[in-house]
Structure formats: structure tokens, C-alpha cells
Amino acid sequence: MALVKVYVNYKQSILNPEAEAVHKALKRLGYADIEDVKLGKYFELTVADGKSQAEMDHEINEICDKLLANYNMENYHYEIEDAEAAQ
Amino acid sequence: MKFAVLEFPGSNCEMDLYNAIKDIIKEEVELVSYKQESLAGFDAALIPGGFSYGDYLRSGAIARFSPIIPALQQFASSGKPVLGICNGFQILTEAGLLPGSLQKNVSAKFICKDETLVVNNNHSLFSSEYQKGQLISLPIAHGDGNYYCDQETLKSLIAHDQIVFKYTNNPNGSVDNIAGIVNQQGNVLGMMPHPERAVEDVLGSSDGKGVFQSIVKHIKSRGVIYE
């Protein structure tokens, strides 16, 4: 098994009012040195064995493009880990 | 003529749409489950507001892969009218039937109130019953109604006169005050405000009736479209 960690976040040009609300709350709590907050989505996909690295890259990119991220406003990246080792 | 009103798990405006068509517009209408795979026999398809699949992941992102969607895409490509309202608009952008996407309102608040819109284009099949520049009042009720597209897409929307409704007092941060757009072919409209909630005076406004009357007029003048 492999563990795929997918990170989806808004493109730089997109306003993220939720992240701004979190940032303001941190300032209210006194963390004046926090200059920026990003708030996105994180997925862990457990993938069965049997695919080559290239096949897995192809599949994960397809999943991200189709469903996990909206290319219009979001970017994504992912890391592939050995699931047993990760546990 | 016969309208289809699509139903997804979490839709909540389907009966408002159904009743608007049946009682006010006085045309045939049928609810169509997201599990169906055909829209045969319908002249127009309406996608209601609500929170399909709880808005999980992104608004409309999961509904977009429902069994009914390929039939809807085929329906749209054959030139038949498709209208998505609120969550319906979000589903249409996710399904690639309309450009752009709907983001969180700039205020990060859910906004539920009447808004004044200006009819920016009255020669679409959805707006022919209005005058260009006419001001109409329709309710909005959304958290993700902030229409976003890149500058190139916006230029194209303007060049092809695809912006049908604009807010006069932008409530949510939408690019160019956009409240509703059509595709380039002109037969798919997405809009965040709710015309079906403004179809008789007892509801506070009957300004939304024109959207449905425009569709009926278009279909009756054009005749049956075969897929």
C-alpha cells in the first residue's frame, strides 16, 4: 500500500475570507508576528499496490484534476509515502 | 411543454421551482432524480438551489458526478434550455457547462436578503420578457455566491454578451457584479438569485416570473428540439 498526501489550496490571486478570519483571530490573541495564514484542504489516499510510479502519478493527477481541486481557483501538490512506514 | 426539475441529495428549492412552474407558469413539470440517466421528453431542465451533498469538498463538486449529469450535458449540447439557480449554478460551473466558479462570499457570511438586479442582456432566451436595463428585485440566499473568473474569461463573457444579470449593489464580491451568465451558445443560464422565490406578489415580488415566461416563449416559438 502507498499513502498519498494531497494538499489543495487557493491560488495566490484568490481571496480566502476564511483564512483571513483565522488570521484576524490570531492577531486578537496577540500573535502579532503571524504575517499570513493559508487555509486549504488535506487528503490522505491509501492506494493498493500494483501500480508503477508513473501509473500512480497519472492516477493521482487525474483524481486531483477531476474532483479534489478546481483548477479555476485552486492548486494542488501531493507526496507519496509507503503506507506501512507512515503508520 | 414540459420542464424537468432535477433533485439531488440536499437540494432544497426543488418544490419552489416545481410549484412556480405548475401553479404560476401553468406548464407541465416533473421532478427528476439525480439517479436517472435520461431527460428524454423534456423541453427544459431546471437545477434547484440547496446544498447538494452537503456542499462537501466544494459546492456542486460531487453532484456534478451524478448519473443524471451526462444526460444533462447532452441535453445542453442539443441546444435545449438549462437553468441552474444558486447551487444549480455551482453545479453547472463544476460540470464545465459554464465558465468560472463560485467562491465564498467576500464577507465570509451567508447572505439572505432581497437584491436589486439590472437586466444586462434581454435577448437571451431566459430574459426576453424583460427590458434591457430593467431593475428587478430577487432574493439571494448563499454562502458561496462570489462569482470568479480570470480576466481573459471575463473579456470573453463581455464580448459575447453572456452576462445576463448584474447586481446593482454587489453583495458578495462577484467579478464585474455578475449575478447570472449564459454559455456562449446562450442556452445554459446560471444565476445565484432565486427567481422561483419571486413569482407572485404575496412572496414580496413577482419579478422572477419573467425568467420562466421567457423560456416558455422561446420554446413555443421555436418548437420541439430533437436530440
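Placed from the backbone N, Cα and C atoms, the Cβ positions cover glycine too.
Among the features that TrEMBL reports, active site, nucleophile is placed at B:CYS86. The secondary structure of B:CYS86 (active site, nucleophile), as reduced to three states from DSSP, is coil rather than helix or strand.
For B:HIS194 (active site), the Cβ neighbour count at a 10 Å cut-off comes to 22, with all displayed protein chains included. Here TrEMBL flags B:HIS194 (among others) as active site.
Listed in sequence order, the residues of the same chain lying 6 or more apart from B:GLU196 (active site) and placing their CB within less than 8 Å of its CB are B:CYS13, B:ASP16, B:LEU17, B:ALA20, B:PRO48, B:ILE85, B:GLY208, B:PHE212. Residues or ranges marked as active site in TrEMBL: B:GLU196 (among others).
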Intrachain C-beta neighbours of B:CYS86 (active site, nucleophile), sequence separation six or more, cut-off 8 angstroms: B:CYS13, B:PRO48, B:GLY49, B:GLY50, B:ALA141, B:HIS142, B:GLY145, B:MET191, B:MET192, B:PRO193, B:HIS194
Mapped DSSP class for B:GLU196 (active site), helix or strand or coil: helix
